Amino acid sequence: MIFNRSKSMPDDVPATLDLDRIPKHVAMIMDGNGRWAKKRGMPRIAGHQRGMEVVKTVAKAAAEVGVEVLTLYAFSTENWKRPEDEVGFLMKLPGRFFDTFIPELKANNIRVEIIGDITGVPTDTQRVVLDAVAQTADNTGMVLNFALNYGSRAEIVTGVQEIATAVAQGELAVDDITENTVSQHLMTRQLGALADPDLLIRTGGEERLSNFLLWQSAYAEFVFTDVLWPDLTADIFFDNLITYQNRDRRFGGLVENKSNQK
Ligand code: FPP
């Protein structure tokens, strides 16, 4: 059954996936669209189009097993360096996605959130994205959090500027600046206690963070897979969750931390 948040095992979920130890926040770097298309003699944008369909598959699979936040790196601040036609296509993708997927998101209680500098994307894209956020604002299930025109270093710089301003204006003492202060000045603050990913998955074979959630990933588990994003399936996603469940999260301590253990 799709989107069943109960602990009963849906038919399509592997028995080895423990529904009591699902990572609350999963972040994903969706890499490999261009190579997927090239392998098929297709233009790169065909890979992005196929990648958009996979976003639907993964969002449904994540919600089905009880992930609470799914953050997807849809467009980075560095992606503007790509050819104009590719950037143009990527900016149209949110519109295509929400045109066809909003009813399912609403029906299944999924809330859309955005991190990134939304003011830097074309007005049409801003409008569809903010509309999706508004249309799903009352949903209480999984948060589908798109990182759009997002860059982690820029996010940290903005946060530092805000904190420095508060200090300069006498609203905050330097000694009162804590890790929590920094977290509260990052774009992920809207996710509250779920701001930091438990698991970060990157598809496409590269093993780097590419300016994604640098502060927030301090204690995330990383799973790198060679699978190209357009080839990702719900089964492969569930396998990645099982890999996470087999890790021993210690958060710098010596004893096994129980957050992903029974
Ligand atoms: C990286 O692959 C992928 C992107 C820059 C875009 C990711 C976007 C999607 C998967 C669709 C997003 C959907 C919505 C709804 C916004 P790449 O092009 O760098 O692949 P390559 O490394 O093989 O060239």
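Yeah, the Cβs are placed from backbone N, Cα and C, and that goes for glycine too.
TrEMBL entries are annotated by machine, without manual review.
Look at TrEMBL and you will find Asp31 tagged as active site. If you look up TrEMBL, you'll see Asn79 marked as active site, proton acceptor. The feature Mg(2+) binding site is assigned by TrEMBL to Asp31, Glu221. Positions annotated as substrate binding site by TrEMBL: 32-36, Arg44, His48, 76-78, Trp80, Arg82, Arg202, 208-210.
With a cut-off of 6 Å between Cβ and the nearest atom of ligand 1, the recorded positions Asp31, Trp80, Leu209 reduce to Asp31.
On a Cα basis, the residue listed as 'active site, proton acceptor' lies 14 Å away from Gly32 (substrate binding site).
DSSP assigns Trp80 (substrate binding site) to a helix. In the three-state DSSP scheme, Gly34 (substrate binding site) is classed as helix. Under a cutoff of 8 A between CB atoms, and with a sequence separation of 6+ in the same chain, the neighbours of Trp80 (substrate binding site) are Val87. Arg202 (substrate binding site) has Asp31 nearby among the recorded positions Asp31, Asn79, Glu221, counting only those with a Cα within 10 angstroms of its own Cα.
The distance from the Cα of Trp36 (substrate binding site) to the Cα of Asn79 (active site, proton acceptor) comes to 18 Å. Classification of Leu209 (substrate binding site) by DSSP places it in coil, neither helical nor stranded.
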